[in-house]
Amino acid sequence: MGRPESITVLGATGSIGVSTLDVISRHPERYQVYALTAERRWQLLATQCLEHQPRYAVIRDADSAGLLEQELRKQGCLTEVLYGADALASVAGASEVDMVMAAIVGAAGLLPTLAAVKAGKKVLLANKEVLVMAGGLFTQAVAEHGAQLLPIDSEHNAIFQCLPNHRPDYLQQGLISSGVRKILLTASGGPFRNTPIHELARVTPEQACAHPNWSMGQKISVDSASMMNKGLELIEACWLFNTSPRQVEVVIHPQSVIHSMVEYIDGSVLAQLGNPDMRTPIAHALAWPERIESGVASLDLIMTARLDFSAPDVQRFPCLRLAQEAVVSGGNAPVLLNAANEIAVAAFLERRLGFDQIPRLISSVMDAIPFSEPETLELVQAADAEARAVAMQLLARW
């Protein structure tokens, strides 16, 4: 084996970032951390820097950077501390970097992930919002700059593993030429799968974040509870695998053992199974096309005993319907959907908005802004900003 591969972890203090560093720590001969980034959790970032000794640590603002640098110097750590958006893009596209874990949550991850793509990196994509907001621009940049895109979302990673030869070139060729009839995108149904609909107005952030199977951050936990997460994943799948929404079917699978399936034109259905632990798709993408140990326990099928499937109830999960409508509409609709959802989820977590009001706010924002075709990154960002502003105005009146 040659030199260790150099990696930048964008969003190192989040759930995916922490899991990524866990896998990396098991293979010091294969991977070397070049940079770690965080939004504001400088204490955890300091701990990670002490363990992994990256060349750079990047945090959002100067105040946090000062606190981080003070702590690192006190501990004798020589990691250089940077801050701000330009620094994020710099460590994502640096010539010394071989791969980038793109795990910043939400729209904030768009620019640094795009910087990694434009630098031709191997990009491990955990930020689905990048493709939801700017799928056309992003996939075009991947092709133009020779970047390699590997999915980290457990469902999309499962789909990738079930496709022929595991080739990361479906952005160009699509699925039909590979004999694929459709993708079966599985969803647990979240913590409110069986909750009476009339009770959803009273659920709390704590209940929404208590996912029955997965350990995740707050934002994605709420998205899972509303099934917006599955809606965003539907849009992501269309861009990642160059396919139409008609070829993607969402299936409720409460056990979260089958992470997704691919049906072929000959009637074969291939599925990827495993314990619900994000270290599996992370390890797969890190080492692809090889395999490495992830720290995840073996799946015990005897203990699993049964696997259940059902169709999603769009009356219970209107966010899924909104996402399905947005991907069919195209244009600025997915941008508006994502931006309004981020505002709505933040308000719910702050107890300023009821859980059942999340889809209402999103729908109101999408109705308030005319359809357009944002053909540049600047227009995408403008549409995102407009949707956030409208959402905040509506929220203030509710």
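Any Cβ shown, glycine's included, is placed from N, Cα and C.
Features reported for this protein in Swiss-Prot:
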- T13, G14, S15, I16, R40, N127, E129, G217: NADPH binding site (BINDING)
- K128, S154, E155, S188, H211, S224, N229, K230, E233: 1-deoxy-D-xylulose 5-phosphate binding site (BINDING)
- D153, E155, E233: Mn(2+) binding site (BINDING)
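Where Swiss-Prot records a feature, it is marked here on the structure.
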residue: G14; record: NADPH binding site; Cβ contacts under 8 Å, 6 or more apart: A103, I104, V105, G217
residue: I16; record: NADPH binding site; Cβ contacts under 8 Å, 6 or more apart: M101, A103, A126, I152, M278, I282
residue: R40; record: NADPH binding site; Cβ contacts under 8 Å, 6 or more apart: I59, R60, D61, S64
residue: N127; record: NADPH binding site; Cβ contacts under 8 Å, 6 or more apart: G11, A102, A103, I104, V105, G106, G109, L110, T113
residue: K128; record: 1-deoxy-D-xylulose 5-phosphate binding site; Cβ contacts under 8 Å, 6 or more apart: D153, L232, E233, I235, E236
residue: E129; record: NADPH binding site; Cβ contacts under 8 Å, 6 or more apart: V105, G106, A107, G109, L110, L232, N338
residue: E155; record: 1-deoxy-D-xylulose 5-phosphate binding site; Cβ contacts under 8 Å, 6 or more apart: L185, T186, E233, A237, H259, S260
residue: H211; record: 1-deoxy-D-xylulose 5-phosphate binding site; Cβ contacts under 8 Å, 6 or more apart: S188, G190, P191, S221, S224, A225
Binding-site residues compared (T13, S15, N229) - highest count of Cβ atoms within 10 Å: N229
Would you measure the largest Cα separation among T13, G14, S15, I16, R40, N127, E129, G217 for the NADPH site and round it to whole Å? 20
Look up T13 (NADPH binding site) in the DSSP assignment and report helix, strand or coil. coil
Select the most exposed residue of D153, E233, where exposure means the fewest other Cβ atoms within 10 Å, treating these as the binding-site residues. D153
Students should find that the Cα atoms of S15 (NADPH binding site) and N229 (1-deoxy-D-xylulose 5-phosphate binding site) sit apart, in Å rounded to an integer, by 16
Between N229 (1-deoxy-D-xylulose 5-phosphate binding site) and T13 (NADPH binding site), the C-alpha gap once rounded to whole angstrom: 21
Tell me the coarse DSSP state (helix, strand, coil) of D153 (Mn(2+) binding site). coil
Using the Cβ center of D153, E155, E233 as the Mn(2+) site position, which other residues in that chain lie within 8 Å, going by their Cβ? K128, P151, S154, H156, N157, L185, N229, K230, E236, A237, S260
With every protein chain in view, what's the tally of Cβ atoms within 10 Å of the Cβ of G217 (NADPH binding site), excluding that atom itself? 18
DSSP-derived structure type at N127 (NADPH binding site), helix or strand or else coil: coil
